[in-house]
Every structure is written in C-alpha cells, then in structure tokens.
Amino acid sequence: MPEPMLSMSHIKKSFGGVKALVDGNLDLEAGRIHALCGGNGAGKSTILSILMGFYKPDAGEIRLNGEPVQFHSPQQALAAGIAIVQQELSGIPHLTVAENIFLGEEPRRGAFVDFPKLYRQADALLSSLGFAIDPRARLDTLTVASQQLIEIAKALSRHDARIVIFDEPTSAIGEKDAERLFEVLRELAAAGKAIVYVTHRLAEIFQIADDYTVFQDGARVATGQVADINRERLIEMMIGGAIEGEFVKENAPTAEPVLELSGLGRAPWFEGVDLTLHAGEILGVYGLVGSGRTEMLDTIYGLETPDEGEIKVFGRPLPPGDVKAALATGLSYVTEDRKRTGLILSASVGSNLSLAHLRHLHSLGFVKRPAERALIDRAIAGMRIKTPSPAQLVRNLSGGNQQKVVFGRCTAGEPKILLLDEPTRGVDVGAKKEIYRFISNFARAGGAVLMVSSELDEIIGMSDRVLVIKQGRNVAELPRRAADQKSLMMAAL
Amino acid sequence: MQTGSRAGTNPLAMREYGIVFAFIGLCILVGALCQLKVVQGTWPQNAFLTVNNLLLILHQISVNGVLAVGMTFVIISGGIDLSVGSLLAFSGMMAASFATRSPGVTAWAGNYGAFIPIVVALAVGSASGALNGWIISRFKIQAFIATLGMLMAGRGFTMAVTNGNPISALGPEFRWFGTGKLFDAIPIPAVILGIVFLLAWIILNKTVFGRYVYAVGGNEKSARTSGINTKAILIWVYVLSGFLAGVAGVILTAKTGSAQTAAGTSYELDAIAAVVIGGASLSGGIGRLTGTFFGALIIGVMNNGLDILGVQSFYQLIIKGSLIVFAVILDPSRKLTA
Amino acid sequence: MQTGSRAGTNPLAMREYGIVFAFIGLCILVGALCQLKVVQGTWPQNAFLTVNNLLLILHQISVNGVLAVGMTFVIISGGIDLSVGSLLAFSGMMAASFATRSPGVTAWAGNYGAFIPIVVALAVGSASGALNGWIISRFKIQAFIATLGMLMAGRGFTMAVTNGNPISALGPEFRWFGTGKLFDAIPIPAVILGIVFLLAWIILNKTVFGRYVYAVGGNEKSARTSGINTKAILIWVYVLSGFLAGVAGVILTAKTGSAQTAAGTSYELDAIAAVVIGGASLSGGIGRLTGTFFGALIIGVMNNGLDILGVQSFYQLIIKGSLIVFAVILDPSRKLTA
Amino acid sequence: APVRIAFLMYGNKAEFVQLMERYAKEHPAVKQGLAEVTLFDGRYDAAVQNDQGQMAVNSKYDAIIINPMDFEANIDVVTVANEAGIPIVVTNARLNTQDMLSEVVSDDVEGGYLEAKAVLEKLGCKGNVVIIEGPKGGSGEIERGRGNERAISECPEGAVKVLERKTANWSRAEALDLMQNWLTAHPKEIDGVIGQNDEMALGAIEAIKSAGYDVKDFAIAGIDGVTDALRAVKAGEMTSILQDARGQAQGSIDVAMKAVVGDDYKPMSDIWEQYKGKMEWNDGKTKRYDVPWTIVTPENVDALLKDRGY
Ligand SMILES: Nc1ncnc2c1ncn2[C@@H]1O[C@H](COP(=O)(O)OP(=O)(O)OP(=O)(O)O)[C@@H](O)[C@H]1O
Ligand SMILES: Nc1ncnc2c1ncn2[C@@H]1O[C@H](COP(=O)(O)OP(=O)(O)OP(=O)(O)O)[C@@H](O)[C@H]1O
Ligand SMILES: [Mg+2]
Ligand SMILES: [Mg+2]
C-alpha cells in the first residue's frame with residue numbers, strides 16, 4: 001500500500017464536556033475521492049476543522065507526505081495546499097462573486113487588486129464549471145444555491161491545493177449543478193489531488209467516491225474501498241445496525257381538503273398557484289432550485305403577504321401575512337435555512353424547542369417550567385436529538401442535530417398541517433428515517449403535509465401526489481404511481 | 001440535569017460566575033490598598049471595607065444600575081439605547097416641574113408632592129422609549145441611529161421645558177426618593193435599585209416576554225417564524241428602557257435636589273459598559289441581569305475606591321479604562337461568546 | 001436564463017445615491033429658509049449659499065470627516081472605535097508639546113516646527129490604535145469595551161502629559177495646518193480631508209487590504225478559511241483609525257492654536273453617526289466611503305445651517321436629532337439592508 | 001435696520017449661561033429694537049466656537065460678542081473678526097490676547113481668590129479643606145484654582161491642609177458622589193469645601209447632609225451665584241461669589257453698540273449706574289471692564305433672589 005498523502009491518527013478533541021472526537025483517523029491518497037461518512041455529530045466536521053487549523057486537537061498526529069504537521073490557522077493549512085468548502089454557507093455578503101472566489105488569492109498589482117484580471121479569471125472559472133453566475137453580482141443578491149456554488153468555485157480556484165475538502169457541498173444545490181460538480185471532482189482526482197467528500201446523500205458516494213471512511217461517535221469504525229461495499233453495508237456501518245428500507249410510508253390520504261390555495265401569487269417569485277392538500281396526505285412539491293417554492297411556503301405561513309389569491313385552511317380563509325393566525329389554525333413550518341430562519345443559535349436547545357409553544361405554556365405571562373420541561377424532554381426524545389443537555393447551545397450541535405431541533409420545535413405543538421422545506425437537509429440516514437417515520441405517522445393520524453424537496457428520491461419515496469413548480473407556476477400534478485425520476489425532471493425543466 | 005436554563009456544564013458555570021470573581025478580585029485589590037494605608041498609619045481604619053461604604057456604593061450606583069437594567073433588555077434584544085441619559089434628564093425635569101416650591105419656572109409648575117411628579121417622569125420616559133421602539137421596529141433602522149436622534153432631541157426637550165433653566169427647591173416628599181433612608185440606614189435609591197433588579201430579573205427569566213426578548217435578539221427571523229410579534233417585543237423593550245430612564249431621572253433629581261439640563265450627559269456609556277462587562281453581547285441574544293448587576297458594581301467600586309484612595313483624576317481615568325478592559329479579558333466566559 | 005442575481009441594478013443605484021438625495025434635499029431646505037429671510041428683508045444676502053460658507057462647512061467638517069474615514073474602516077470590519085475623541089486629544093497634546101513656544105509645560109517641550117510634531121501625533125495615534133486592535137484581536141473582546149477603556153485611558157494620558165494643563169502658543173508652521181489656505185481660499189484642513197478621503201477610498205476599494213476589511217466584517221470565519229490573517233487586518237484597521245485620530249488631532253490643535261485636555265470629547269458619536277447615515281451597518285461588512293462623506297456633510301450642513309438661521313439651541317437639538325433619523329429613514333437603500 | 005450682534009456663548013446647559021442670555025435679551029437696546037442679538041451655542045467646544053465666529057463674519061454681523069470656552073483656543077475669533085473689521089467684545093471669561101475691541105469680564109483668578117478667602121476666613125486660616133475643581137485643564141479650573149491657591153498661601157505656612165483636590169466637571173451630581181467618597185476616606189477630618197463653582201459646592205452640601213453631618217459645621221463656598229446657591233446662602237449653608245451675568249452681558253452689548261453706532265450712542269443699561277465708581281463707562285473706550293464680583297451674604301441675598309423673580 002502506498003504511503004498516504006495525508007494521515008491523521010488518533011485525533012482527540014472535546015468541547016467543554018462534549019467529546020467530539022475520541023479516536024479520529026483519516027488517511028487520504030492522491031488521485032482519489034474519499035467519502036467521509038457518519039451520522040450527525042459523528043465528528044466529521046470536527047476532524048476537518050482540525051485539519052484546517054480552526055481547532056487545536058487535544059491529542060493525535062497529522063502527517064502530510066510523511067512529515068508531521070500542525071496547523072494553527074487556516075492560513076497555514078492553505079499554504080500547505082489544503083482547501084475546504086465548509087458545511088455551512090459562508091461567503092462575504094457585500095463582496096462580488098469574483099472577489100469571493102479569489103478571496104485571499106486575488107490577482108494583484110502590488111498592494112492593489114487587479115480587477116480586470118480578477119473578473120477575467122472568475123469568468124473563465126465559472127464558465128469552465130458551467131455555473132451560470134455573473135461574477136460581478138454581489139454575493140448577497142444570489143440565491144442560497146448560487147452562493148453554495150460560489151463556495152465550491154472558491155475551493156476549486158486554488159490550483160495549488162493538493163487536498164480539497166467538500167463538507168456537504170450539495171445540500172443546497174440542484175441536481176444539474178451537482179452533476180457538474182461531480183465531473184469536476186473526477187477531473188481533479190485525475191489531476192492527482194486528494195478529495196475529501198462528506199455527504200448524507202448516500203447515492204452520491206457510490207456515484208463518485210473511490211474510498212470511504214466511516215465515523216461513529218467520534219471514532220473511525222471502518223475504512224476501505226467503495227467498490228467493496230454496497231449501500232446497505234455502508235448504512236450498517238454508520239448506524240451500527242441494519243436498517244430496513246429508507247422510507248416509511250404508511251399513511252392513507254382522505255378526500256377532506258385542509259389547505260387550499262387558489263391563484264396565490266407574490267411577485268416576482270410566484271403567481272397563480274392552485275393546490276389542495278387533504279387530510280392524511282403528503283403532497284410533494286418539486287422544482288428546480290430558484291423556482292419559488294420557498295417563497296410560496298413563506299407566504300402560506302404568513303411570513304410574507306401575497307399580492308393575489310387566497311389561502312383557505314379547513315375551509316376558512318386564512319388572514320394573509322399573519323404568522324400567529326397560521327399557527328393558531330394548526331400550521332407549522334420547518335424552514336429551509338435553519339441558521340437564518342430556523343434557530344436562535346445563541347440560545348439553548350431547550351429554549352429553541354419550546355419557543356413557539358410558550359404562548360400555551362404560561363400562566364399570567366409566567367412560563368410554566370415543568371410543562372415546558374416536559375415538552376422539551378419529549379421533543380429531544382422524540383427526535384433523538386444528540387445533545388449533552390437541553391442547556392447546550394444550539395450553536396454547538398452538529399448540523400444534522402440542529403435540523404432535528406427545528407423539526408422538534410415545529411412538531412411539538414401538535415400541528416395539523418406541516419409545511420416542510422427541504423426537511424432532511426444535512427440529516428444522516430438514521431435520522432432521515434426517523435423524520436420520514438414521523439411524517440408518515442403524522443399523516444396517518446390525519447395530519448396533512450406539504451413537503452418541498454429537491455431530492456428526487458425523497459419526493460418519490462414519500463409523496464402521495466407531486467406538484468411540480470416551474471418558474472413560480474405549478475405546471476404539473478402527478479399522482480404517486482406516475483411520479484418517477486424522469487417524468488418529474490421533464491416537468492420541472 | 002436542568003432544562004431551558006443556561007447553566008449546566010462546566011464552562012457554562014464559569015460563564016455565570018466569571019464576573020463575580022472579577023468583582024471579588026477588584027474588591028480585594030482596593031481593600032488591600034486601603035489596608036496598606038492603615039498599616040502605614042496614614043488611616044485610622046480601612047475606609048473601604050465598612051458597611052457604610054458598601055451602602056454608599058449602592059447609593060452611588062443606583063442611577064447607573066437602573067439604567068443598566070433597561071439597557072440589558074435592549075442589548076439582549078439586539079439593540080442599543082443611547083438616549084437614556086437624555087431621557088433621564090427630560091423625565092427628571094418634567095418631574096421636578098411638578099415638585100417645585102418655586103413657581104413660575106414653567107406655566108404649570110408647583111409642588112404636587114411625590115406621586116404626581118413620579119408618574120409624570122415614568123410616563124415621559126416610557127412615551128419617549130415607545131417612540132424609540134416604534135421608529136426602530138417600524139422603519140427597521142439601526143437602534144444606534146434612532147436613539148442617537150433621541151439623545152439629541154431629548155436633551156433639546158429637556159431645555160425647552162424651562163427655556164434652559166434648572167428647576168430647584170423641590171418638595172421634601174419628592175426628595176425623599178433620593179435622600180431618604182430605610183431603617184435609617186439603607187438609602188432609598190439603593191432600595192429602588194434592588195426592587196428594579198428583582199422585578200426585572202423575574203420578567204427576563206420567568207416570563208414569556210423575557211424569553212421573547214432573547215429570541216428576538218438571537219435571531220429576529222427565527223423569532224418571527226415561531227410566531228412572535230417581534231415588533232411589539234421591540235417596542236416594549238424600549239418602553240421599558242425609557243421607563244427605567246424615568247426612574248433614574250426621579251432618583252437623580254431627588255438626590256441632587258435639582259433638575260439640571262445637563263443631567264445624565266453620557267450616562268449611556270456607563271450603562272452600556274455595565275451590561276457588556278456583565279457578559280452581554282452587543283450582537284444580541286446573550287446577556288444576564290446578574291451579570292449587569294456585577295458590572296454596575298464593578299464600575300461603582302472602581303469610582304468609589306479610586307476616590308477613597310485619593311488617586312489623581314488622570315490616573316483614575318487611566319486605571320478605570322484599563323480595569324474595565326481587564327475585567328472583561330479575565331472573565332473566562334468571554335472565550336465562548338466570541 | 002438566470003444569472004443568479006436577485007436584485008436588478010435599480011435598487012443598487014438607489015442604494016448608492018439615496019444619501020446624495022438626502023443631502024441635496026437638506027441643502028435646498030436650508031437654502032430656501034435662508035432665502036426667505038432675504039426676501040423678508042431681514043438679511044442682506046443668502047448667507048448659506050455662498051462659496052465662503054461652503055468652504056467654511058468643509059473646514060468645519062474636516063475633523064469629523066477625518067475621524068469618520070477611520071471609523072468607516074472600523075465599522076466595516078465589524079467593530080466600533082469609541083476612543084477616537086480621546087486619541088485626538090492625546091495626539092494633539094503630544095504634537096503641541098513639540099510645537100510650542102512656551103517651554104516648561106513638559107520636560108521636552110519646544111518648538112520644532114511642523115514636521116516633528118505631526119510625526120509625533122501620527123505615531124501616538126497609530127500606537128494607541130494598535131493597542132486597541134491588539135486587545136480586540138488577541139483577547140477577542142468586544143470592540144465597544146476595548147475602545148471604551150481607551151476612551152477613558154486616552155483622556156487620562158492627555159492630562160498626564162502636562163499634569164492637566166493645556167499647551168498653547170504654538171508655532172506658525174504648525175498652525176498653518178489648521179489655519180492656512182490654499183490659493184488663499186481653500187482651508188488646509190479641507191485639503192487634508194480631501195486627501196485623506198481620496199487615499200482612503202483607494203485603499204478601501206482598490207487594494208487587497210480593503211477587500212479584506214470587508215471580508216473580516218462580513219464573515220470573519222469565512223475570511224479565515226480563505227487564508228486571511230484576520231487578526232492582522234483588525235489591528236491595521238484600528239491603527240488606521242488611530243492614525244487618522246492623530247491627523248484630526250493635528251488639524252484641531254492647529255486650528256484652535258491650543259491643545260486642550262477636553263478636546264474631542266464625544267466626537268466619536270458624530271463620527272459614528274456620519275458613517276451610519278452614510279449607509280454602513282454596525283454589524284459589519286457594509287459601508288462605503290462616499291456614503292460617509294455625505295454623512296459628514298449632512299451633519300456639517302445641519303450644524304452650519306441651523307446656526308446661520310439662528311435657531312435656538314434647544315430647537316436645534318430637536319431638529320438635528322429628528323433630521324438624522326429622517327435622513328436614515330428616507331434613504332431608500334435602507335430597506336435592502338435591514 | 002437694527003444692529004445685528006452675534007453673541008457666541010460657550011454652551012448653554014448651565015443656569016449661569018441662561019442668565020446671561022436672559023439679561024442680553026433684556027438690554028434696553030434689544031427691547032427697543034435698536035439691536036438684534038443672536039445667541040450661538042458653542043456646545044462646550046472651543047473649535048465649534050471658532051467656526052461660529054467665522055460664520056458670524058461670513059454672515060456679516062455688525063458686531064460679535066464672545067463668551068469664550070477657552071483662554072487660548074478661542075483667540076482666532078478675535079483674529080478673524082479684526083481681519084473683517086467687525087468689532088469684537090469678549091465677555092465673562094478672558095482671552096489671552098489684547099487685540100479685541102474690549103473685554104467686559106470678571107477675573108476668574110479674583111473669583112477663586114474670593115471664594116477661598118471666604119472659606120478660610122470662616123476657618124480662621126486653620127484646618128483641612130478639599131477643592132472640587134472644574135474640568136481639568138479648562139480655563140475655569142486653571143484660573144480659579146490659581147486664585148484658590150493664592151488665598152491659601154496667604155494663610156500661615158502649613159496651617160491649612162488641602163486634603164484632596166479633584167474634578168467634578170462643574171456637575172452637582174458628580175460632586176455629590178465625590179464628596180461622599182471623601183467623607184468616607186476622611187471621616188470627621190474635612191473642615192472646608194472650596195467648590196470652583198456653585199453647583200459643585202451644592203453637591204458637596206448634599207453629600208454632607210446624606211452622610212449625617214451638620215452642614216453648618218463646614219465652611220463651604222462656590223462661585224457664580226446661581227439661584228440654588230443664593231438659597232443656600234440664605235439658609236446659612238455656604239458662601240457664594242456672585243458673578244454678575246447682567247453686568248457682563250449688558251455691558252458688552254453697550255460697548256459693541258457704541259462701536260457700531262458711533263459717538264451718538266449712549267449706554268442704555270443701568271449697570272453703569274449700579275457700578276458707578278467701580279466700573280466707569282468711559283465712552284466705551286476702556287480696554288478692560290472688570291465687572292466686580294459680589295460676595296453673597298445673608299444681607300444682600302434677599303435682594304438678589306428678588307431680582308431673579310423669587
Ligand atoms: N464548538 C463546539 N462546542 C461544543 N460542542 C461541539 C462544538 N463543535 C462540535 N461540537 C459537538 O461535537 C460533535 C461532533 O460534531 P461535528 O460537527 O463534527 O459532527 P458532524 O459529523 O460533522 O455532523 P453533521 O453530519 O451533522 O454535520 C457533536 O456532538 C457536536 O455537538
Ligand atoms: N431576499 C433574499 N435574499 C437572499 N436570499 C433569499 C431572499 N429571498 C429568498 N432567498 C433565498 O433564495 C432561495 C431561492 O428561493 P426560491 O423561493 O426562489 O426558490 P426555491 O424553489 O425555494 O429554491 P430552493 O431549492 O433553493 O429552495 C431560497 O433559499 C430563499 O431562502
Ligand atoms: Mg458536519
Ligand atoms: Mg427553497
């Protein structure tokens with residue numbers, strides 16, 4: 001076996017009382033794509049952050065080409081040829097696309113930025129990647145998906161990088177861009193770079209990865225070549241047991257309408273959307289990124305006010321732009337971007353879980369602590385949130401666990417209608433199944449679910465009906481049996 | 001294991017108590033320096049470590065403490081209130097105009113005892129605070145600018161009330177709130193401070209409103225998604241801050257016996273300092289009233305101790321500036337917030 | 001085809017020019033009110049709309065403008081610098097001690113022309129700024145607290161230099177930087193302001209450093225991931241702010257011909273106001289020097305116009321407070337930033 | 001058209017300044033429409049005052065009166081006024097130049113001397129005093145402090161001990177806290193308090209009361225003669241050195257009017273009557289009019305209070 005390009009061995013790291021890594025190991029070889037797998041909170045991001053010099057390991061050794069190294073800052077890691085696309089979106093909002101891509105490596109003339117060259121290079125890079133983004137646009141005017149693409153382009157712009165790390169790069173981008181990304185990854189590998197790829201979309205691993213490493217509870221539990229395993233085996237290694245079927249679907253739709261949209265629109269995002277959601281039904285909404293689905297859910301929920309059309313819940317019109325009214329009629333909304341619109345990062349897991357329900361948990365304005373605590377404990381247990389205590393700050397949870405907190409809060413108040421926007425983004429297979437089971441049970445008990453997702457598998461696996469949105473209009477409605485990959489893509493494109 | 005609360009694991013406990021250590025350290029330092037004077041024979045006794053001096057410090061921090069309580073809510077909600085000093089002056093002036101025995105300073109001036117002046121001060125403070133909150137939440141402008149505007153305008157109103165003159169010769173009923181003593185020992189301003197802290201602590205930690213304040217400051221959009229009327233919360237936060245500026249106005253006016261147009265100038269800085277020393281983050285969502293209390297105490301002990309020790313005023317400034325920074329650096333919780 | 005851009009060009013243009021409209025509106029308002037006085041026969045001429053008055057306004061805003069330039073960098077980097085007023089005084093005092101014809105105020109005092117005093121002022125300002133930046137980046141404490149400490153300590157140092165005395169009788173070479181005129185018309189402070197703005201604009205918009213300032217303020221972690229030495233950037237930002245406080249100290253001291261211990265008191269508020277009126281966000285990452293320039297102009301025109309119109313000082317305060325808020329509310333870019 | 005006079009005040013958040021403004025507006029020439037006085041608020045900033053001086057010149061005022069923030073830093077106002085040929089009168093506090101048309105001032109050194117003298121006389125030149133100072137480095141603090149020291153030095157060497165001296169920034173609230181702390185540090189040791197203005201002396205009185213001492217056991221003095229101080233004098237709690245706001249404001253307006261109107265102008269304020277023998281009109285040609293200080297005593301306090309409308 002050849003000497004690995006990078007080898008991290010016996011890395012330990014704990015945050016306060018939380019042991020994030022107990023025995024982190026990772027070996028990378030040049031020219032290969034290495035999938036780093038593991039459940040939420042297994043320590044994947046932590047070991048990568050240590051590699052990048054964000055955290056100092058408590059113990060362990062890192063060797064690069066056989067030489068022991070220790071990075072104290074990302075600067076040093078970059079200088080040693082390691083670049084990363086971080087799990088959470090992280091651009092500089094008020095700089096342009098090109099400035100973001102080449103941040104830290106901008107073409108210069110002395111102390112000055114060589115802007116013509118900068119934009120030329122950015123143009124060239126973006127078009128070689130096939131990303132249709134204006135390099136002069138300011139980053140904060142882009143969609144989340146485009147921002148994610150910029151993050152990817154940024155890592156790829158480091159031509160001198162020998163190791164490129166992708167921590168869940170596809171969680172926010174569309175299928176087409178993901179395909180393009182895979183091509184680029186293969187090219188990079190072919191050029192002799194080592195690629196680390198973290199994802200919770202297992203299909204992707206089998207599509208592009210050569211090697212795999214599985215983490216569980218902060219330690220490497222398995223490593224090898226992807227060719228030697230299959231999906232079931234991988235899942236087994238990740239969650240320490242077998243899993244039967246990835247989706248759970250036991251609900252049966254009724255004919256009783258609970259949510260009706262007629263001609264709903266809000267310029268410039270979407271217009272003339274009609275739909276009817278029935279009790280016991282899971283209605284999938286599919287569309288390309290940027291097709292206006294998030295805006296539609298925001299509007300139904302009352303975060304935004306529609307320009308036209310009507311929303312009826314249980315036959316009664318819902319006052320527009322009124323979140324409280326929506327909550328009162330039994331709507332609940334799991335937003336797409338948990339950091340921006342879902343969580344209070346600076347607050348504890350407990351206060352996040354109970355936040356939307358405090359209005360029912362008080363007497364004379366005073367919070368009823370026992371009742372609150374019961375609700376929190378139930379939510380933590382119900383969603384299997386991995387946290388040392390409800391007092392832990394949400395900021396310190398792993399991405400997937402953060403998603404579970406959002407989910408836990410939205411479902412704790414016994415809603416009747418769930419609006420879900422990318423409900424399993426960044427969630428591991430085990431947790432995904434729990435969420436699916438929850439959705440299924442929820443619908444079986446008579447609840448109704450409107451689920452927006454960009455994951456075709458998920459849409460197909462869970463929906464009773466699928467609505468396809470294209471440029472802000474509903475263009476197709478497919479019953480469960482007619483909804484397959486091909487027809488959905490056809491309708492959406 | 002406990003729920004919903006911020007304490008729990010080890011680093012979090014440090015976070016809770018770091019400021020207390022800083023405070024105790026400061027007291028030991030000042031106490032030791034005073035003791036040195038006793039040992040040297042310069043002083044008959046340690047003037048710092050007496051019950052009377054402790055009560056005096058409480059008396060002296062009462063105004064800043066009350067302002068800092070309101071500021072804690074504001075800062076946790078993600079804002080800042082620069083107008084408290086001006087609103088203190090404005091409400092104090094209005095109160096004084098209803099508590100003076102020298103007629104003629106305003107058209108309505110007179111001595112109406114204590115109740116009416118106090119109600120007027122609290123109403124004036126709250127109304128101005130409501131205006132702050134309304135502007136901030138309605139027009140979504142930065143709290144810094146909105147309250148900077150009120151800092152100026154409030155000072156202007158203060159002067160406009162009496163055409164720029166002070167109001168003095170205040171009635172004894174009113175002055176009791178600044179100079180009276182409970183059980184002949186505890187200054188009334190200190191008692192007021194205690195009550196304000198207690199009530200505010202209950203509101204912030206035990207009520208739904210308090211939770212919402214943290215939520216709005218932590219992430220306004222998420223708070224809205226949870227069905228919180230964030231605008232209303234913001235308005236109430238500034239009303240509270242204005243109300244407490246009114247309370248502070250009553251205390252200061254009653255203490256000095258005169259409503260001055262320049263009263264409270266730059267008091268906002270001390271109030272913000274107390275809150276930030278107490279562990280709050282100016283980006284919102286983080287802060288504690290116990291922290292603020294110790295923050296105000298630290299500032300008070302510093303002022304008192306340096307005066308007692310007879311430190312020259314420019315060294316006093318240098319020492320105070322450095323100590324504030326040290327108190328924050330040494331607070332071990334700091335590392336977690338950054 | 002989608003380019004990925006959400007907003008069109010229109011709102012961005014508005015964003016860029018909203019402040020200019022606010023400024024023009026204010027000028028028209030003041031000009032019209034002055035014209036009214038001319039029409040009424042109270043005034044011989046429109047005192048506001050003269051070249052002399054325009055130059056005077058530039059002269060008046062020079063100190064605040066220079067401070068606001070530094071503050072723009074600081075605020076874009078996500079911080080705040082409360083110490084600029086004190087550093088102005090400190091560096092001005094140090095400069096004066098090397099430019100005075102009255103010996104004995106300090107051990108080293110004397111008249112060394114203009115060059116040495118200016119170098120001293122800039123060095124003192126920069127060094128204090130470096131201390132600010134070092135504390136903030138090394139200990140990760142909030143800029144508000146670190147610079148509040150420096151606000152106090154800097155004032156203390158200013159007094160300690162001369163035991164609390166002012167320094168006067170400054171040499172003519174030095175005073176030229178405050179009172180001289182270019183082509184017998186343009187005040188030197190205005191020229192300095194222009195140069196400072198121009199250089200700062202180039203640094204902020206054209207150099208790598210400028211990009212990094214936006215990056216650090218916009219998303220510190222992302223900046224670090226990109227290999228930017230964020231600590232170094234922060235230190236340099238505060239050095240720049242301190243340096244410019246030194247420049248402002250030279251201007252003010254040369255202008256008044258005397259280094260005062262109280263010089264620059266609360267100038268930080270005006271500087272911050274100029275930056276925020278100019279469209280910057282106190283949460284960092286957002287801001288423009290052209291905006292700051294118009295922000296400083298708006299404040300200058302307000303002060304000048306209200307004085308010229310002879311508005312009584314308390315109405316001035318009320319009007320100024322309201323206008324600042326209005327300028328920000330009416331700025332159409334506001335909606336996008338919130 | 002009336003004579004336009006720009007009256008540059010260093011600030012306007014103190015009672016004394018308000019009194020000056022009031023008396024300026026009560027000047028007979030103003031009341032009769034012969035003169036129009038526009039007051040400018042210098043916002044306690046010497047640089048702002050200089051700018052306002054330049055603006056007054058640009059706006060072609062007929063005369064400028066300045067109540068300067070600082071002894072040195074405001075000299076420029078005189079310079080620019082002279083360059084433009086506009087008569088300029090300095091009032092209330094002095095400026096370190098001889099180029100102005102005239103000064104109508106009260107000497108702060110003298111004021112500081114008188115108040116310290118009052119304290120020391122009551123103490124019989126024996127005991128411990130504290131000095132509450134104005135803002136460090138400001139003209140007021142420096143000059144009144146000089147006067148304070150002169151009075152102390154006239155006592156026998158070592159008889160009077162200055163226990164503490166520190167600034168309370170002209171503020172009653174700050175002086176209150178400061179004095180409380182001093183009383184803690186020096187229990188029963190302080191005999192006299194020299195406040196460099198009345199507000200701070202009044203703050204000291206509040207502190208003494210709140211510490212449970214009898215104010216009458218202390219010798220306390222301040223400067224300015226603000227209304228509260230007059231009341232305190234009446235109550236036997238302190239001595240105040242009245243600085244005559246009316247004399248300064250109206251005197252300087254007369255001098256300025258004379259310079260603008262010319263030889264026909266006769267002084268209109270009755271202060272010249274009041275100070276006959278102490279301060280002569282002399283056709284408005286005196287370089288420096290020294291408005292006398294008045295020591296407020298229980299005897300003259302009622303008349304002064306009455307003049308204020310009480
Ligand atoms: N700064 C921190 N403070 C406290 N705990 C932390 C911190 N960062 C991470 N953790 C904890 O360390 C553990 C590992 O987290 P990490 O982010 O590495 O997981 P992950 O494998 O990347 O998960 P995911 O797939 O959900 O992204 C989690 O339990 C997390 O809560
Ligand atoms: N004003 C805004 N500024 C920045 N981002 C926004 C803004 N409004 C919406 N977004 C984000 O842009 C993304 C695109 O939203 P849109 O509704 O157009 O498409 P979508 O079909 O929901 O696509 P996606 O698959 O990304 O959810 C969403 O993630 C949304 O949160
Ligand atoms: Mg992760
Ligand atoms: Mg979406």
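Using N, Cα and C of the backbone, Cβ positions are placed for all residues, glycine too.
What TrEMBL records for this protein:
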- B:17-39: transmembrane segment (TRANSMEM)
- B:51-76: transmembrane segment (TRANSMEM)
- B:82-100: transmembrane segment (TRANSMEM)
- B:112-135: transmembrane segment (TRANSMEM)
- B:141-161: transmembrane segment (TRANSMEM)
- B:182-204: transmembrane segment (TRANSMEM)
- B:233-252: transmembrane segment (TRANSMEM)
- B:272-301: transmembrane segment (TRANSMEM)
- B:313-330: transmembrane segment (TRANSMEM)
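By the Cβ criterion (under 8 Å, sequence separation of 6 or more), the transmembrane segment (B:313-330) is in contact with the transmembrane segment (B:17-39), since 3+ such pairs are found. Counted as Cβ pairs under 8 Å, contacts with the transmembrane segment (B:112-135) are highest for B:233-252 among B:17-39, B:51-76, B:141-161, B:182-204, B:233-252. The highest tally of CB pairs under 8 A with the transmembrane segment (B:51-76), across B:17-39, B:141-161, B:182-204, B:233-252, is held by B:182-204. Between the transmembrane segment (B:233-252) and the stretches B:17-39, B:141-161, B:182-204, the greatest number of Cβ pairs separated by less than 8 Å involves B:182-204.
Using a Cβ-Cβ cut-off under 8 Å and counting only residues 6 or more beyond its ends in the same chain, the transmembrane segment (B:182-204) has close neighbours at 55, 58-59, 61-63, 65-66, 69, 72-73, 76, 176, 210, 213, 244, 247, 251, 255, 289-290, 293. Within its own chain, the transmembrane segment (B:141-161) has Cβ neighbours under 8 Å at 74, 78-83, 85-87, 89-90, 93-94, 97, 106, 128, 131-132, 135, 261, 263, 268, counting only residues six or more beyond its boundaries.
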